[in-house]
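Notes follow once the structure below has been shown.
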């Protein structure tokens, strides 16, 4: 098919038909057709071409971002680590609710575009990625430590305990643990990655799984304790939450060592 024939064929198509054609084409064929569409006299076709080009550029940028996030894992795979688990926690700072950790082993070829530190994502995006991660993951483990234990052993030790509980659930057992800047005693080799949830693919995946899991817990607690706004604050010390503590006192899911100055 010559370039002139391409132009003739495209000129006979409606904008809706062109949009359908673009949607069906593989990415490697898009640059050629977009260059033809740029020269189409119809304004609507030119706008469509610009819109699609931006989408392609955004996708390329997303792929490159994931490639960078997977660099750490790829280097470790090259060192013969086969099953690498990313670990992250959520809930170290709240006044109420458990601390939760997730451990996730993703396939070597996994490439879910958009995975990032859960704090950088909207709730809707986190829930979407959580489903995709669960569909692709080789193994997922979740560990949690309740407020009573947090009060007994302190939040750092509780975080480590939650992480170990998450790792214990993994089948198969990983060869290496990647953790976001926590020194975790383990019989499995551990590599700590500073800001790992934003730099490392599997840790980012773990941060999303942990966040979605804990948010669901706090929404359930909101039905049990409706005065505290847990569905919104997730146990963190918002003004609404602190006012409720002053007015109604502590619940069974409050961390007593965290709320001393409020009761």
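Every residue, even glycine, has its Cβ placed from backbone N, Cα and C.
Features reported for this protein in TrEMBL:
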{"type": "DOMAIN", "residues": "82-263", "note": "domain 'RNase H type-2'"}
{"type": "BINDING", "residues": "88, 89, 180", "note": "divalent metal cation binding site"}
Neighbourhood of residue 180 (divalent metal cation binding site) by C-beta distance under 8 A, where only residues 6 or more apart in the same chain count: 87, 88, 89, 192, 193, 194, 195, 196, 197, 200, 203, 207
Fewest Cβ neighbours within 10 Å, where candidates are the binding-site residues 88, 89: 89
Overall pLDDT of the domain 'RNase H type-2' (82-263), taken as the mean: 97
Check: same-chain CB within 8 A of divalent metal cation site center, minus 88, 89, 180: 87, 90, 101, 102, 163, 179, 182, 196, 197, 203, 206, 207, 210
